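**Student:** Here's the feature list from TrEMBL:
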type	residues	note
BINDING	H38, S55, Y126, V127, N128, S143, H212, P213, E214, T229	iminosuccinate binding site
BINDING	C100, C186, C280	[4Fe-4S] cluster binding site
Amino acid sequence: MLTNQSIGYMDAPVPKDIDLREAIDQLRKEKNAVILAHYYQTGDIQDIADYVGDSLALAQWAAKSQADILVLCGVHFMGETAKILCPDKKVLVPDLNAGCSLADSCPAPAFAEFVKAHPGHTVISYVNTSAAVKAVTDVVVTSTNARQIVESFPVDTPLIFGPDRNLGSYINRVTGRNMLLWDGACHVHEQFSAEKIQALKERYPEAEVITHPECKRAVVEISDFVGSTAALLKHTIKSTTQRFIVATESGVIHEMRKQSPDKEFIPAPSDKDACACNECNYMRLNTMEKLYNCLRFEMPEIFVDEEVRKKAVKPILRMLEISERLGL
Ligand code: 13P
Ligand code: SF4
């Protein structure tokens with residue numbers, strides 16, 4: 001997957017005299033490429049992207065795109081999902097080292113064993129997984145549609161949910177289900193401190209705490225609103241509250257500020273002192289320079305084994321169909 005050749009291209013020197021925004025724009029037009037960026041990218045990448053969205057929106061746009069090249073400014077599983085949906089397109093990510101601790105917490109062979117050990121269960125996997133995990137999955141979900149997709153199964157259906165234990169247990173609580181959970185987590189969302197958020201709440205009693213369901217239960221339980229990245233953004237636009245404590249990756253605050261310039265957004269503190277823990281170090285590997293190089297050299301490219309792809313596409317398409325039916 002990761003070759004020395006592709007790493008070399010990622011870090012190739014960028015000519016000093018060019019305007020990166022203009023150069024990226026020109027290359028994208030010349031090559032009929034679209035740039036899809038997740039909300040956790042840096043502000044400059046979000047600003048130049050054709051589309052900015054959460055994991056569900058990125059998959060939906062990729063599936064519908066007429067472009068020849070899709071540049072996924074996000075992490076590896078997002079590029080892989082786009083490639084699974086669009087095998088005939090060239091799919092690029094600016095930095096192929098942009099992995100995901102949550103996807104890594106669910107190795108495909110171990111997950112396949114877990115599934116085998118629980119026959120008769122329907123397997124629901126979060127999109128933050130490798131193609132090989134999706135290949136042993138019945139339906140993929142994102143944080144935007146997980147609750148509705150779980151609820152679309154009759155209450156007595158035995159379900160496995162992987163890999164995020166926090167999202168899985170949140171959905172168990174709000175739906176009254178008893179899904180078997182894989183024991184994985186995201187290192188960014190797990191590190192928020194309920195005690196420090198509580199202290200901030202006492203300092204700003206009128207502020208709303210808004211939280212991604214990948215966070216630990218203690219954080220979710222002291223929150224005023226819980227939702228996916230896109231749901232948190234929508235909530236900040238609709239709410240009349242002026243100040244928000246944001247417990248998710250801080251990249252989304254860029255769009256929150258753009259949409260609501262008069263409101264204040266405070267990144268929620270972590271349980272460690274003095275770190276930028278609410279920034280995903282994988283997401284932040286992508287830079288404007290690497291985005292430029294990736295369009296210039298059309299590398300690094302995502303490839304998925306065709307046998308795995310044919311199995312993995314089914315649960316992703318099933319998710320897209322259910323989401324469309326539910327108007328998500
Ligand atoms: P969403 O994009 O579904 O909110 O997921 C958050 C995330 O951690 C993506 O990596
Ligand atoms: Fe993965 Fe967490 Fe980074 Fe999202 S924020 S890409 S779940 S490590």
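Every residue, even glycine, has its Cβ placed from backbone N, Cα and C.
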**Student:** Please identify, from the binding-site residues C100, C186, C280, the residue with the sparsest Cβ neighbourhood, meaning fewest other Cβ atoms within 10 angstroms.
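**Tutor:** Each of the binding-site residues C100, C186, C280 was scored; lowest Cβ tally within 10 Å is C100.
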**Student:** I'd like to verify something. Among the binding-site residues H38, C100, Y126, N128, C186, C280, which ones have a C-beta closer than 6 angstroms to some atom of ligand 2?
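**Tutor:** Checking each Cβ against ligand 2, the ones under 6 Å are C100, N128, C186, C280.
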**Student:** Where does H38 (iminosuccinate binding site) sit in the DSSP three-state scheme?
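**Tutor:** Note: H38 (iminosuccinate binding site) is in a strand by DSSP.
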**Student:** Starting from the Cβ centroid of C100, C186, C280, the recorded [4Fe-4S] cluster site, name every other residue in that chain with its Cβ within 8 Å, sequence order please.
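**Tutor:** After dropping the recorded site residues, what remains is V75, S101, L102, A103, N128, H187, V188, H189, E249, Y282, M283.
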**Student:** Let's check the environment of H38 (iminosuccinate binding site): how many other CB atoms sit within 10 Å of its CB?
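**Tutor:** Taking all protein chains shown, H38 (iminosuccinate binding site) has 26 Cβ neighbours within 10 Å.
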**Student:** According to DSSP, folded down to helix, strand and coil, what is Y126 (iminosuccinate binding site)?
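**Tutor:** Strand, per DSSP.
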**Student:** Around C186 ([4Fe-4S] cluster binding site), which of the listed binding-site residues (H38, Y126, H212, E214) come within 10 Å, judging by Cα atoms?
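**Tutor:** Qualifying among H38, Y126, H212, E214: E214.
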**Student:** Can you tell me the CA-to-CA distance separating H38 (iminosuccinate binding site) and C280 ([4Fe-4S] cluster binding site), as a whole number of Å?
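**Tutor:** Given the Cα positions, H38 (iminosuccinate binding site) is 12 Å from C280 ([4Fe-4S] cluster binding site).
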**Student:** Iminosuccinate site residues H38, S55, Y126, V127, N128, S143, H212, P213, E214, T229: biggest Cα-Cα distance, Å?
**Tutor:** 17
**Student:** Round to the nearest Å and give the CA-to-CA distance linking Y126 (iminosuccinate binding site) with C100 ([4Fe-4S] cluster binding site).
**Tutor:** 12
**Student:** About how far apart, in whole Å, are the alpha carbons (Cα) of C280 ([4Fe-4S] cluster binding site) and H212 (iminosuccinate binding site)?
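**Tutor:** Just about 14 Å between their Cα atoms.
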